[in-house]
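S.K.: According to TrEMBL, the record shows the following:
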DOMAIN    122-320  domain 'ABC transmembrane type-1'
TRANSMEM  64-86  transmembrane segment
TRANSMEM  121-145  transmembrane segment
TRANSMEM  157-184  transmembrane segment
TRANSMEM  196-219  transmembrane segment
TRANSMEM  240-263  transmembrane segment
TRANSMEM  299-320  transmembrane segment
Amino acid sequence: MAAQQPVPGTQTGLVIGEAEEFADASTRASVSIARDGRGGGAGRELPRKPFNLRRWFAATGWRHVVGVVMVAFSLFPIVFVISSSLNPHGTLTGSNALFSAIGLESYVRILTDPQVPFLTWFGNTLMIAGITAVLTVFLGALAAYSFSRMRFTGRRFGLISIVVVQMFPQLLAVVAIFLLMSAIGDWFPAIGLNTHIGLIMVYLGGALGVNTYLMYGFFNTVPASIDEAAKIDGAGHARIFFTIILRLVAPILAVVALLSFIASVNEFVVASVLLIDTDKQTLAVGLTKLVSNPRYADWSAFSAGAVIAALPVVALFLFLQKYIVGGLTAGAVK
């Protein structure tokens, strides 16, 4: 009899089936060996290394400790000020536990006291800080673009002068600023002493130097080929700056705006010298009057005002936070 011919594909199917069974058996054996430890005794577990506190601390533990200390160091002043603002007795909580007494009397008192024009100070601060931030960004961006893209006589000297001027503290110029603004006020009272415009001009003069240099480093990271391509299409410097460059350097503009706003809100020395009338003063100057009386210092109202004054800064920071990291680091390397 003739030998029976195998059905096509039968041997291939048998080989594949045997291979799958062998693979499953190998997998089960590997799992069994891993559970047994060495494949000999059943129920044995792999030996675990004992926890070494010194090794863990040297590797990653010190980072956790430093992080906790920094967070506690940063949060304590905020918690202390909030606790003081909720103290209805008008005193600090230095000798008492935090949040031992809670009330909103301090907030009501500072907002409704006719002798404390808090809302006027608050409005003055927002106006001065907002205008200063906008003008600092605009004028600083123009100066940074000029230093970065144009080549002119005195360019290097101007950059060096910007850095050198920042070495001197602001206190050295307070007397000179007072005399200068007083003399300007004799000719132009609208921009002289005891005016918001005069204070904004002084803030601009102090902020443009460091912010221009900060933006200059960021502008250098933008490829010059973009400008050249725009010039080929017939665009001039003004069109390149407003339609192309400003969009590419948005992170550093946000950072400069935030820094200028915060600096204007917190500034005290120059504002206290130039602004004389109570209804023209800023929060930093006005709130100081609440604690300058040696007989009675209303620290809880002062703390309440500080908490309210921090709200616009926090809101602006949250709004611009996505630009902050990129704006501060992108200009570090070219």
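Even glycines carry a Cβ here, placed using N, Cα and C.
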S.K.: Could you name the stretch, out of 157-184, 196-219, 299-320, with the greatest number of CB pairs under 8 A to the transmembrane segment (121-145)?
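M.R.: Per the Cβ count, the answer is 196-219.
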S.K.: If we skip the immediate neighbours and take only residues 6+ beyond the ends of the transmembrane segment (157-184), which ones have a Cβ under 8 Å from one of its Cβ atoms?
M.R.: 147, 191-193, 198, 202, 206, 209-210, 212-213, 216, 269-270, 273-274
S.K.: Counting Cβ pairs closer than 8 Å, which of 64-86, 240-263, 299-320 has the most of them with the transmembrane segment (196-219)?
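M.R.: It is 240-263, which has the most Cβ pairs under 8 Å.
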S.K.: Hey, does the transmembrane segment (64-86) touch the transmembrane segment (240-263), meaning at least 3 C-beta pairs closer than 8 angstroms, sequence gap 6 or more?
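M.R.: Result for the transmembrane segment (240-263) with the transmembrane segment (64-86) is no.
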